[in-house]
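S.K.: According to TrEMBL:
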- 6-27: transmembrane segment (TRANSMEM)
- 60-81: transmembrane segment (TRANSMEM)
- 93-114: transmembrane segment (TRANSMEM)
- 126-149: transmembrane segment (TRANSMEM)
- 155-183: transmembrane segment (TRANSMEM)
- 246-269: transmembrane segment (TRANSMEM)
- 289-306: transmembrane segment (TRANSMEM)
- 327-347: transmembrane segment (TRANSMEM)
- 367-384: transmembrane segment (TRANSMEM)
- 391-408: transmembrane segment (TRANSMEM)
- 437-455: transmembrane segment (TRANSMEM)
């Protein structure tokens, strides 16, 4: 990092942290007690603070990573600073843990952008800092910086594991992946993603060698035509049935294999992936979740994905491959028809934005979910088109991870899209300065509206005296 860029990064990180501290103070004043899922997380962490490690709230569905880290930070800090009494593990102190995680996420996002795009010499230090600031303020993640939720810590350990993977420190990466798993069990998918990065790199090397052997004209492994895809899949099968190749890949990815094995042992012993309240978190094949994620990504990346150039290219592709798009349309309609699920929380909890999205859009008419299919197809096309700088093996592996982390979820919950979105946004080519500034302005507006609604537009339910607030 050059000195000028280092100063700029330090200034941006310090400014972002100061702004977060001011917001943290405002939110803590307005909402002093636990809110929403905090009513489960805070008492559990306080039980750990008092040494009651065998106490467990059966309504909690995740492993105790958040509480263990909280105790590991708060207790030494209390001892050093002489804190005593209820302040040690108060709601505010526990929430502050996520503020620390958000600072760590800021630094990790910068390091990941630097590593992933290090070969692109056209990218300036200012662009890297600006992109880091944008991703650190990603609204769905940024909001939960100020509440005692698992999301900031989950993102921190997953991004850290991804960074170590890119630097080839696979044992460290797997260890950090285990920490991420302790925050949220579905993070095991991103451990597979880290292993998949290694496998995709080896496959890409072998694919290029295969083309050179045949002395064919160089065909980019980044093209998306169906003929190229069929050819690559044939190569993939041939490569993976080789015992020698499998041994090589196993030798490279064994730390991740051990962690995935531990995960399957946990699922077998636990009787499922969910720790506590399983009745509300049943796994199913909810394929439209992929469509919701793509729509979510287009919404938050519209400066890059929803452009006149992209639309023209899509219409040209549509005209060029009508049969293929017709087949995709039929499959999409079938998946929506047979595999759409509506969770009871989605219909009942009017504190979440998803409640209003579902009621205002999907519940207007039975046919709305089918009418949106053309937009879903465009979203999938433009999403894939922005990743064309990556190898086809990386794209296939990434899409497999997206399916694994979204489709089994019955509940439409924007928090589940945070990590797949961040990994997508980190890996697309650097956009122009204008598009970055537009994206930043959009995030600032969305965050401002969200915090305004949370703090000022409170309401009460008929059967409760508690103040309710709007949130993601």
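Each residue, glycine too, has its Cβ placed from N, Cα and C.
Please treat TrEMBL annotations as automatic predictions, because they have not gone through curation.
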S.K.: Could you give the residue numbers and ranges of same-chain residues that sit at least 6 residues beyond the transmembrane segment (60-81) on either side and whose C-beta is under 8 angstroms from one of its C-beta atoms?
M.R.: 40-41, 44-45, 48-49, 88-89, 93-94, 97, 100, 148, 150, 153, 157, 179-185, 274-278, 281
S.K.: Which sequence-distant residues neighbour the transmembrane segment (327-347)? Criterion: at least 6 residues beyond either end, Cβ under 8 Å.
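M.R.: Result: 280, 284-288, 291, 354-355, 358, 369-370, 373-374, 376-377, 410-412.
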S.K.: May I ask which of the stretches 93-114, 155-183, 437-455 has the most CB pairs under 8 A with the transmembrane segment (289-306)?
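M.R.: Ranking 93-114, 155-183, 437-455 by Cβ pairs under 8 Å to the transmembrane segment (289-306) puts 437-455 first.
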